[in-house]
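Per Swiss-Prot, the features are:
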{"type": "DOMAIN", "residues": "1-229", "note": "domain 'Deacetylase sirtuin-type'"}
{"type": "BINDING", "residues": "20, 32, 96, 98, 99, 114, 181, 182, 205, 223", "note": "NAD(+) binding site"}
{"type": "BINDING", "residues": "98, 99", "note": "nicotinamide binding site"}
{"type": "ACT_SITE", "residues": "114", "note": "active site, proton acceptor"}
């Protein structure tokens, strides 16, 4: 932990790569753990697929609104500390999470790699729709089109904008910190392939992750680690 604290002090350009484990302490379940969102479900990937959205929009809407939204969740120590570090450093947060908690914590440079539940739009007219309106109905009041959250579903591609912003930040970073993710989902896990080779890499996760190049592993609860930074 002391090594990470010192690395953050010395770094000028920091990238945090965050996953579901960052939001679990805020009461938002991860996906695949024994207590995760998918536990006991027979076809959760289908429910969050483009096919389901197109073929069974009512079923998609019910699943998303009943299982994905946690509007009362608040940022935890990890989110807050990352935002705090941004006050003194050039920090970019690239997150797999779609819950908006990094922004709630005050982080300004956030790349929502898989989109955000709190950005919604009508598929018919393209206009933005508030998340609060979407939670009331998935039918756009203005044109009758079907509204969806701007998140990356199964069978959909990551946006070019998210990839471009991520690669620009990764290439500039002299410190990369992977937090709360097994770092196995592509293309998110491939981002570090484009790093500056002089950049230091740390990983903070309860379970050890594997990378094909040198990095420093902190196998611990990220809340405890960030509380001491």
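Placed from the backbone N, Cα and C atoms, the Cβ positions cover glycine too.
Max Cα-Cα distance over the annotated NAD(+) binders (20, 32, 96, 98, 99, 114, 181, 182, 205, 223) is 23 Å. Here the Cβ of residue 181 (NAD(+) binding site) has 23 other Cβ atoms within 10 Å, regardless of which shown protein chain they belong to. The distance from the Cα of residue 20 (NAD(+) binding site) to the Cα of residue 98 (nicotinamide binding site) comes to 9 Å. For the recorded site, residue 205 (NAD(+) binding site), the DSSP three-state label reads strand. Long-range C-beta contacts of residue 98 (nicotinamide binding site), restricted to its own chain and to partners at least six residues apart, with a cutoff below 8 Å, comprise 68, 112, 114, 115, 116, 117, 149, 151. Under DSSP, residue 20 (NAD(+) binding site) is assigned to a helix (H, G or I) in the three-state scheme. The local packing around residue 99 (NAD(+) binding site), expressed as other Cβ atoms within 10 Å of its Cβ over all shown chains, amounts to 24. Around the Cβ of residue 114 (active site, proton acceptor), a 10 Å sphere holds 19 further Cβ atoms from the protein chains shown.
A 10 Å cutoff on Cβ-Cβ distances gives residue 205 (NAD(+) binding site) a total of 22 other Cβ atoms nearby, all chains included.
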